[in-house]
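Here's the structure, in structure tokens; my notes come after.
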């Protein structure tokens, strides 16, 4: 089994095992490793030893392939110690009921009942095989889930940058990493810019560690055991599985897979057992409760039978067979398989559920808090408008750059509009930029805003000048400062200039002058001019554009370090409005969710005008902006209780930060809401963890956000949340349906034998027949109900309450009615057949046995949906169900028509008229349930009409 090592937590929350785990970690980390060797080598020595280039990485793909053959893939593989054969044999030993059946077969053999002994042995083999296959499917399904979120990284190889799976890395590869990334291997850092890494999942220390490219002097640690540099002191090493909290950097891979510090620890801890999901625990408890009731009933049946003078061996065999059939030991397994297969089905629809319990929660979500950018919108930014104070003077005179509305000269380009302030605005967008061009894909890679700014240069015939200047320092964008700044050294005059881009309000706040359209002159900004800039920015925002401000600061002293305090007295150059259109399917998805009683809240860093415009486009109701929109500033002034009181009317949070998300989730959960929260950044992680369903983005999401989330949208599309909630509700309905099928069959089988014993009638079913019914009840027909296609109308129902039970009052009524129907029909056939000669013959038990099996198949057909008729959902929409029922009926025909099986099940041939009679009677369970569904639908329609009128 190959687990994604980056999804594993090294510190178990169970306090009883914490010391053992910490000791194992310390032992693993004290061993020699590549990180220990390379931390004491200089950058040049490391590059020489690994024969790689500090700018281009490995020089050829062949070299990378050779190293992969030598070192293996960058994966941590946990070998399964137990063979399939051993696992299969363990099923005979671990189940007490199976051991009792084996004992029964042995007793039968010694008493000369060879036929019974052979029959029971064959039945045991079939029952164990079915159970083993179920467990194997469950394990394989869960293994598949571990591979759904592969780790990725930014690789530079052969001078080309690409985004690849971390498993493809080899020693010598050059890797770039930035804030939010998870380190994909053990890496010798060769460049670090304000780099801090969270190593808590490796060392247990909560404080992020500052990293540099400086070599560690080994002689400084001669006082340590064996002169080993402690793992926490290797400041030039970035460890696999740790998280970049601040800044960015690059480095050379020195260790991969198990040859890493993380791998060493992971290997020692792969035997830690994973906890069961709440639903599995519920099923375990339900199974135990039903087992207790079943044991009491079976014990009474056995005792009464023996008192009545029946054969003790016969009663023992029937009792054990009943125990095997009636006790739903397969419930947790089928639930796990259903959940896992549902998760795999969701993955095909672009929603990767990382934790099985989340599937249960999805059906209860009644509030979705969604980011705007990249989730509700397409995340493909294009520069739509550009405005400069001196060149354009008022909000009406804006340079339109939309593809369909471009203002161009006769030559078809925008070069003639390059006034000094326009040129400088575009230059700032060029230099305040970390996007890069991929030769392999011939596109820009990076932040969508950065990409849009670089793409716009060509329209003005301006080159990308980043390789002609030297970036001295960078102040990365974050949600608090809401701007990005770079300190650039111009090689021509050796002067440094700070270039700044960010939210227009923040840029305007720090600006005291503006750039003229000619001659690189600046003038002081007046309050009237600031009002004009604000007016223009708000005008762009009201059109749904994201508005950025641009400014610069010329440093008199080039040695002045770039800090946040330095960002003041800026020279304003211009505004750029970017368009990020809504995703095509978002409006329909929101409409469906609103119909299903889900409150949609949009959270954005944009201005109120931009947010309201987008909300109206995608169908989020904004009746009164004063009530429906809440800004981040107002949110800061409110307590959680105050927010909880007003949030029912709020659909938009504007100028919000990731920190605000935490307040929003707290307020919603305080009200008792079940919250799904989307996020993609490092600072989103707390809110994602606190929410009931944290949803991260697969494309633009940081590794930190993915780690904190319960679900990953691989297409970053909001409408995928709709399909996930739909699947979650559908899976829960399917679990209820197969529970109804299993428990009604179990109750019917128990009651049938109990009634026969109570009224001193011969047993209508023998041990082999009961075991066959168990195979049908726990086997393919039951599992096929778990994969019933989702009914899209589940979204018209309100979210399920968190406290709702699986076995609701309605479900209990349904399964008891079904069981009663099966009992009455089967007893009727048994008594009718026995009354003809007053004896129990092979024909009597064959008719009773076949009647029960037919009832079972019609019951399974009825259980495909709780309220819809089979004629509405269609007979052929669940292929697995049709195959399962077909095989079950074929098996039943073998049991009554093939001599070998006749001797095992004690059956005889039935005529066509017998089969038709049994089909007619057993179909009654299907007809009764269809009538129940019809009554339920009419009642729901009447209730809906009544409430609509009210």
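A Cβ is built for glycine as well, from the same backbone N, Cα and C atoms used for every other residue.
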Self-check item: Among 138, 227, 558, 784, residue that the record in Swiss-Prot marks as phosphoserine
Solution: 227
Quiz item: Can residue 310 and residue 940 be said to be on one side of the membrane, going by the domain names in Swiss-Prot?
Solution: no
Quiz item: For which of the residue intervals 93-111, 150-168, 169-187, 188-206 does Swiss-Prot record transmembrane segment?
Solution: 93-111
Self-check item: Interface-richest range of 815-835, 885-905, 910-930 toward the transmembrane segment (845-862), CB pairs under 8 Å
Solution: 910-930
Exercise. For the topological domain 'Lumenal' (906-909), find every same-chain residue at least 6 residues outside the stretch whose CB is under 8 Å from a CB in it, and list them.
Key: 766, 768-769, 842-843, 845-846, 849, 895-897
Quiz prompt | Chain-internal residues near residue 371 (active site, 4-aspartylphosphate intermediate), provided their CB is under 8 angstroms and they sit 6+ positions away | solution = 603, 604, 678, 679, 680
Self-check item: Secondary-structure category, per DSSP, in which residue 371 (active site, 4-aspartylphosphate intermediate) falls
Solution: strand
Exercise. Quickly jot the same-chain residues contacting the topological domain 'Lumenal' (836-844) by Cβ under 8 Å, restricted to those at least six beyond its ends, or write none.
Key: 762, 764, 830, 906-908, 910
